[in-house]
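Feature annotations, courtesy of TrEMBL:
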- 112-129: transmembrane segment (TRANSMEM)
- 136-155: transmembrane segment (TRANSMEM)
- 161-183: transmembrane segment (TRANSMEM)
- 195-213: transmembrane segment (TRANSMEM)
- 244-262: transmembrane segment (TRANSMEM)
- 274-294: transmembrane segment (TRANSMEM)
- 323-350: transmembrane segment (TRANSMEM)
- 400-420: transmembrane segment (TRANSMEM)
- 458-489: transmembrane segment (TRANSMEM)
- 513-645: domain 'STAS' (DOMAIN)
Amino acid sequence: MIVNGVIDAKTEMMDRQPEINTQRDVYQVDALSANNNAPAMADRRPAAKKLPKKKRKCMDYVRKTIPSIDWLFLNYRWSEDFAEDTMAGIAVAVLNIPQGMAYSILGNVEPTVGLYMAVFPVLVYSLLGTSRHISLGVLSVLCLMTGKVVTMYATDGTGYTAIQVATAVTMVAGLVQLLMYVFRLGLLCTILSETLVSGFTASVAVIVLTSQLKELLGVDVARRVGMMQVPHTFYDFADRFHTINWMTTAVSVTTIAVLLLYNKYLKERINSKLCMPLPIELIVTIVATVLFQVTTIAQDYDMVQMGEIKSGLPAFEVPPVKLFSAVFMDACVIALVGYSITMSLALLVAEKLKYPLDTNQELLAQGLGNVVGSFFSCLPSGASPSRSASQQTVGGKTQMASIVSAGIIVVVLLWIGVVFEPLPRCVLSSIIVVALKGLLLQVLDFPEIWRKSKTDGAVWIFTYSTVIVLDIDTGLLVGVVVSLLFVFVKGVLNEVHVLGRLPDTDLYVRLDLYGDAVEVPDVKIVRYAGSLNVINRYMFKRKLIEVTRAGYNDASMTMTVTVVDGKHATGGRRTQCVVLDMAALQYADASGVKMLSESIESLVSDGFDVYLAAVPDSSLEYVRCNNDVKSVRFFPTVHDAVVFRQCSSKKIQNLTYDSQSTKTPNGL
């Protein structure tokens, strides 16, 4: 209420502190079960068998395995969606042309390979995948990892060409993903957390940038691979800096400047006025191609050009089986990284647009896409953030956009690809560097990650530094191990805190966090949080003893009372009470429950009454069946245990007082 502009204090207090007044009996767990008609443990019968599921027809399995039967052949809305899918497909295709040729450089293969990857894996995924918007094809991380394997095995001594090694990696990676699909291992993508992927991709971006310095500056140095490649590469450039090609450097700087300035100042303004994003990378590529076609600048300054570009589609060729064992480990890592990054992007888009994904079906789609692509000179494929974002923002509704994009790329391969032969390679390297800007700047997120979670910060910095200093595979392995180690450590750590009650409430909170909380007289309330297992059982016992003994000694445990013994009055001990709040118990095994019993027995022998409160249903029966101490009472909440204790103490005090009153006259 407002009176003369002044808010009534009582009304404001009621608005800010609404009261909830309840009145109920104090329950123990057994009484609570009885009042709710829950059968006792001894009377419980096995649950009735579930009704048999309706048998699926063969067509149901076919439609689940090939989702395109539903969305493309049965339910596609040609009049409503085809126009938007076509526009999205054109937008993705114009991005695929420069990116495909550029990222092929990272894989140490011909520039047309990146265009092949925009056709064969894409068509397979569009028929089998469950994401409607991701765009499969070249991905810088996978191309770089494959390029390392190509450098290792495509030498004169082995007799294998670069494309043979690359397709062997693609085949093995696809087979690994199909094997994961057979064993329903779609959730393995969760091994790579968002923090780990962020540190990994940021560090790989540094390696990609380092690998492109040769093309950007025109310096004649050998490409480094393996451990310490980044430090060694910078040493090589410092040693060979006098061989820098200044015209190549000028073209690279100009290209990078144009792309950065456009993205920063013009991109949003121009795209807001167009029906599809302006393909600035393709425009730069075409302008540079025309410029170096009509001039002799490249020849005059010894600039490295694209050279011969094959026209037409690749021939069917089986990858060399003898290489499978040699590239197996690298292909396994590539398969896991490619699937994890693709699934992260697919889940992000699916959550935004509210449609379901099947993680195992994604393994089938990507795995079979790689297997088919390996027969047609493709590297391992993955979803590109830039192309996927373009496909979604332009208005694409289904994977029909990918089919349209693949059709356009086929046209480019058949008739248009050869026109890019005069293009300097430094232009494509510049496009790569600009595309890596977002990944490179992820290092600026580290302070915020560290501030929010020291654990996530440690995973990020370990992954980032080991990938750069050592190698991609080693760094990723270190990141996964550190991440799982932290998960394991957090799983075995436990917390024991003493609780107090907020005055005039039934809320019990940590005494070290809430200054208003006070301990209940003669009741020690202890909250346990964590699992209780064979690893942390002794830690649990030690912490429990520490907090229950704190503040108690023999003097405080003893006092003179009068207890009715039928005829005689005797001295006794004040019985303290320990309430164990187990609401945050995650899991308890046999060893942990045994240690809990031993700890309770020790407390009981020392004169404590022990109550267990809020034990989770998943652990309640297990704890009760394996607990050897029969004097323990179980309560549904901490407040029930405290009130029960206070009422019991009051009855004892009243009984003592009545006994003393009866015996007083005889004492006189």
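FYI, residue positions are counted from 1 along the chain as it appears here.
Backbone N, Cα and C define each Cβ position, glycine as well.
Counted over residue pairs 6 or more apart, the CB atoms of the transmembrane segment (400-420) and the transmembrane segment (161-183) come under 8 Å in fewer than three pairs, which marks the two as apart. Ranked by Cβ pairs under 8 Å to the transmembrane segment (323-350), the stretches 161-183, 195-213, 244-262 are led by 161-183.
Same-chain residues lying 6 or more positions outside the transmembrane segment (274-294) and placing a CB less than 8 Å from one of its CB atoms are 87-88, 90-91, 94-95, 97-99, 101, 251, 255, 258-259, 262-263, 267, 303, 305, 390, 393-394, 419-420, 422-424, 427-428, 431. Model confidence over the domain 'STAS' (513-645) stands at 79, taken as the mean pLDDT rounded to a whole number.
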